[in-house]
Amino acid sequence: MTWIGLLIVGLTAIAVQGEVPIVTRAEWNAKPPNGAIDSMETPLPRAVIAHTAGGACADDVTCSQHMQNLQNFQMSKQKFSDIGYHYLIGGNGKVYEGRSPSQRGAFAGPNNDGSLGIAFIGNFEERAPNKEALDAAKELLEQAVKQAQLVEGYKLLGHRQVSATKSPGEALYALIQQWPNWSEEM
């Protein structure tokens, strides 16, 4: 490799350092929304951690398939206009783009307004997500503050605090209570 090639590679690494890579909707083959979605003003005061409660994924192909299946289910069976969460975290340690943070989510009923929905792909009732997934979520939260998607002093909540659900599962719920910005109250 020439010195110019090394310089370009080095500059690229510097440009992306500190930002969690996000798998875009186009990359996981999302459908477009099938209806209007209410907007929200960002930065948001809350981040809500959930789990999808279904199967987990550990590689790019399987995680993308889970994203497509979840979107199909939420749009056809739950009658949402799009996938309900803003971001999802795969067991491969990657963050998947859901709906825009400036659009109201569809995961917490009346508490969707003002909440950034982040769901881990899988069921985390008995076991926690792996380190790669947990690290990706923590980096995503930091990045969301830097990008003015969340206010600096946002409240971190578990899905069960804003909805009648077991989500994000006992194992994951116990972990997020130790994270920065954790809040007992909305």
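Even glycines carry a Cβ here, placed using N, Cα and C.
Pulled from Swiss-Prot:
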DISULFID  Cys57-Cys63  disulfide bond
DOMAIN    47-169  domain 'N-acetylmuramoyl-L-alanine amidase'
CARBOHYD  Asn181  N-linked glycosylation site
SIGNAL    1-18  signal peptide
Counts of helix, strand and coil residues, the domain 'N-acetylmuramoyl-L-alanine amidase' (47-169), according to DSSP: 39 helix, 27 strand, 57 coil
Distance, the residue listed as 'N-linked glycosylation site' to Cys63 (disulfide bond) (CA atoms, angstrom): 28
Cβ neighbour count (within 10 Å, all chains shown) around Asn181 (N-linked glycosylation site): 17
All-chain count of other Cβ atoms within 10 Å of Cys63 (disulfide bond): 23
Long-range Cβ environment of Cys57 (disulfide bond), under 8 Å and at least 6 residues apart: Cys63, Gln65, His66, Gly90, Gly91, Asn92, Ile121, Gly122
